[in-house]
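> Pulled these features from TrEMBL for this protein:
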DOMAIN    4-121  domain 'Ribose-phosphate pyrophosphokinase N-terminal'
BINDING   37, 38, 39, 96, 97  ATP binding site
BINDING   131, 170  Mg(2+) binding site
ACT_SITE  194  active site
BINDING   196, 220, 224, 225, 226, 227, 228  D-ribose 5-phosphate binding site
């Protein structure tokens, strides 16, 4: 069996190190930096010939820099005769640009990125909670889209929630919320239906479900600026919710997310470590991070040993 080797770019160094620790190995020796003009510089400093290589690199902000690091690392490893290269992308950037809406003159950038990765020699992709699962079909190589929900669910079960109800922040997240509700002792579910009655009128949040006197668990795949999430929490509290917890896999936290969360009525925001947090976000007392290192390490081990990934999520 080929030697398994882990390499990492500069996007998620702490997560990469945690994964390596879980696998009782060390990260490969690679110098990933910049030339004086800002171009990505990569040099692999160890033998990888015939190896089973895993590159751990989220394509989070700065998205283009991290994406280029990933593809240049793949090219360097491919030219060094690596046997198989798996791109481990905990957070897959550009995933929200996955379709043309009403034939608008816009790109399908998720497909562009998929083609880019395939063209440089990626043999397989391992990612977490794709924004749209159909993105897997954009690739011509196998894609393992694993789920952060078991880690989030484990934390929910330790929260001593009082008469909990799982809340989907929009219609599009109903399937995710329903799955969590079923696993959370088959609890009830509510949906926030965001509507704009007419042009130039503020958006109205209509809550479908009874949340009065209950602990609400908002679940989503990502938190970006947090504006909609914070408004959803306000609407839930106005309807009598006791406490509001927000769970999400990917902590993008862009723009004024820090101020939004700091000034919100959300009791706690729980996210995973697919994207490093800024110091401002880390300083917020109501933000907590869970690690996916154990799950990703197990997925990497299974891929390397040609074992089933889906078996990890059989309940």
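Cβ from N, Cα, C; glycine included.
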> Measuring CA to CA, name the entry from the binding-site residues 170, 220, 225, 226 that ends up nearest residue 38 (ATP binding site).
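When the Cα distances are compared, 225 comes out closest.
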> Tally every other Cβ atom lying within 10 Å of the Cβ atom of residue 228 (D-ribose 5-phosphate binding site).
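A 10 Å sphere around the Cβ of residue 228 (D-ribose 5-phosphate binding site) contains 18 other Cβ atoms.
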> Quick check for you: of the recorded positions 194, 220, 225, 226, which have their Cα within 10 Å of the Cα of residue 170 (Mg(2+) binding site)?
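For residue 170 (Mg(2+) binding site), the recorded positions whose Cα atoms are within 10 Å come to 194, 220.
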> Using C-alpha atoms only, work out the spacing between residue 224 (D-ribose 5-phosphate binding site) and residue 96 (ATP binding site) and round it to an integer in Å.
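Here the two Cα atoms are 12 Å apart.
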> Hey, of 220, 225, 228, which of those binding-site residues are within 10 Å of residue 96 (ATP binding site), Cα to Cα?
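Of 220, 225, 228, within range: none.
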> Which of the three DSSP-derived classes (helix, strand, coil) applies to residue 224 (D-ribose 5-phosphate binding site)?
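Its secondary structure by DSSP: coil.
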> Given a separation of at least six residues and a C-beta threshold under 8 Å, show me what packs close to residue 226 (D-ribose 5-phosphate binding site) in the same chain.
253, 257, 260, 261, 264, 269
> According to DSSP, which of helix, strand or coil covers residue 97 (ATP binding site)?
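Its secondary structure by DSSP: coil.
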